[in-house]
Amino acid sequence: MRASGCLTMGIHCYELRVAVAVKDSWRTVLTLAYQSLGVVYGDLTTSPLYVYQTIFSQDIQHSTSNEEIFGVLSFIFWTLTLLPLIKYVFIVLKADDNGEGGTFALYSKLCRHARVSFLPNSQVVDEEISTYKNKDSIDQPCSSIITSMLKSTLEKYKVLQTVLLFLALVGTCMVIGDGVLSPSISVFSAVSGLELSISKEHHRYVELPAACIILLCLFALQHYGTHRVGFLFAPIVITWLLCISVIGVYNIFHWNPHVYQALSPYYMYKFLKKTQRRGWMSLGGILLCIRGSEAMFADLGHFSQLSIKIAFTFVVYPSLILAYMGQAAYLSSNHHSIPIGFYVSVPERIRWPVLGIAVLAAVVGSQAIITGTFSIIKQCSALGCFPRVKIIHTSSKIHGQIYIPEVNWILMLLCLAVTIGFRDTRLMANASGLAIITVMLVTTVLMSLVIVLCWHQNIFFAVCFLFFFGAIEALYFMVSVVKFREGAWVAVALAFVFLVIMYTWHYGTLKKYEFDFQNKIPINWLLSLGTSLGIVRVRGIGLIHTELVSGIPAIFSHFVTNLPAFHQVLVFLCIKSVPVPYVRPEERFLVGRIGPNEYRIYRCIVRYGYHDIHEDTLEFEKHLVCSIAEFIRSGRQEDSIGAEDLEKHNENMTVVGISSPNTEGIQILEDEVEVPNVDSSPTEVREIGSPVRPRKRVRFVLPESPHMDTSAQEELQELMEAREAGMVFILGDSHVRAKRGSTLIKKLVINVGYDFLRRNCRGPTYALNIPHASTLEVGMICHV
């Protein structure tokens, strides 16, 4: 009986724990869904402010037959349903890259399933990282011969790989360009509602300054982070959605209860039949109703897939449909409403409060694309396609929430320039529309490849996805291109500038790596120097940074040739990015040996994902030393390797995880010990400085394990003494120049473009916090 009671109590406790976990899980999901309303959907929910106004101010007029207004409503309904709801919410969001979204997330996902990546230091061993293959990328045979041929073709032809990278860069640049245009059009459209309450003479003097001040305040808030901004902005978006829903329902029942009939696709046919070329040209304005849809995917790393789906399906989508139906119902019964816009459909008694909410919602609407721009730039920077910038993580719980100061202020200046330069919602809408549809087209192309290569689905489904959604987006794309001279050129110009910057950085980085790889030093050269490397070995650890994952960099021979001493322990350190969002701590370090054991030379490769947070210097040093110690303790000591096999043997690397107090492995304890200076005789040279100097005391705590041999104990002892003596970072400062005889374009790209970006971007993340006293820079000239 007692045993039965204990068992029953255990079952009840287990059920209680499960219930609490489920409750906490749903509470987290709903909290993230609430925050996403203020960050992801602000841009999408403010589109009713200017969609009808843009459409009817350009190419078509509103007639008493209502065929134009019903046709526009039908286009809006089916565009919102097919693209944001079906394409993004139910299909594209499932293609997340371990929780991350965006154009580059799709590209990195493809790079892991087919060898199409341009990352120069990729290794086969990286494919063993647990996050390298997620739930939808389990090894499966190709579903068809066509799929196998597609994969082999992409891997065989470098031109196709270049096209794939170019598509990813174009999509990324259009997202950044939309990050400039969206805040401008959202804020300017909201402020334009003042024209119904202020005379034209005063309106033109108020509208532009008010929009600029609001934009300044918006970008000034970014440093608080997505978490705080989301909680601050979410109530505004909820109030705005409630407002437009109520107004929409009121207009439907008050002006035209039969407006729901316009949801039939038949009205699209009637619209195009009546308006013909003018109706075709107006489709660019209809495109604005889905502006901000890409943010659902780009901002996926800030929230979760389920939270974004819940917020859009049950809150955002119904509110937008009611808002557009309400405006159509009002216009169908008020044929002389000039100008046509959102505010004319708002009852006059509540127009001022709605204007205030709309201005706040427009500010929130700009947040979505700004947040997405930060995320996608971080991905590009980590994968070597964007100059290094300062990245601040604004949340300790959600690593995807970041803030990039330089990008924030550049976006602000460009937004102000566009607002002041255009001063016209129609021109801004044309530019934003082209940026939106270009990103969507790129996503559709990459997504069709993901369906085949990553999801291992039949190629028929990928073709259907490509042609169905691609045909809709191609239709809108052609309309947007026609408006090139009417403002759309700005989107192309912005994308072109960012594309030049990104491709120049990527090309220069790739050429520099190729130079390092071609000029690396063979192992035989190192063996010829002997154990002492031909020079004096001093106490301490020397960290030589290199981009190479194999071989000895040319910087080492350059250093040895010019300096007469080197450290007793040498570590060739390679900090590399892999095409995954995160790398687990236990898989971060790869450790190997260069040369025989007595040389005390190691290679350490530290792997980071494009959303990983780089550790500060002190923690990084401890984990590095601890990983080398663990390698010595558990590694095989092979002394009888022939010289001809040594180079091949030195390419073998061992995964050594970061140990913690709860895991079995070597633990490192470090204490700062104050060592007083010993008084010397008057005739001796005395050290001038502080009477007390700190010294580091290092101890390795070994787990219970089989007895280590003497050589391993001596190696650990020497590593401990070297750590106590200190660590020096040796960085290469390479000046890249084009070879003689290079083409003029290559000289401009390398000597001017890449050199300018290298001198003005930030240094490597790992080098930001290194004390200057512990850093040595070795200059070299690389002719590529």
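For all residues, glycine too, the Cβ spot is worked out from N, Cα and C.
What TrEMBL records for 32-527 is domain 'K+ potassium transporter integral membrane'. According to TrEMBL, the feature domain 'K+ potassium transporter C-terminal' maps to 540-782. As annotated by TrEMBL, transmembrane segment applies to 69-90, 159-185, 205-224, 231-253, 310-330, 350-377, 398-422, 434-453, 460-482, 488-505.
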Cβ contacts under 8 Å made by the transmembrane segment (460-482) with residues that lie 6+ beyond its boundaries: 79, 82-83, 87, 91, 280-281, 283-284, 286-287, 430, 433-434, 437-438, 440-441, 444-445, 447-449, 451-452, 488
Paired segments the transmembrane segment (159-185) and the transmembrane segment (398-422) in contact, 3+ CB pairs under 8 A: yes
Overall pLDDT for the domain 'K+ potassium transporter C-terminal' (540-782), taken as the rounded mean: 73
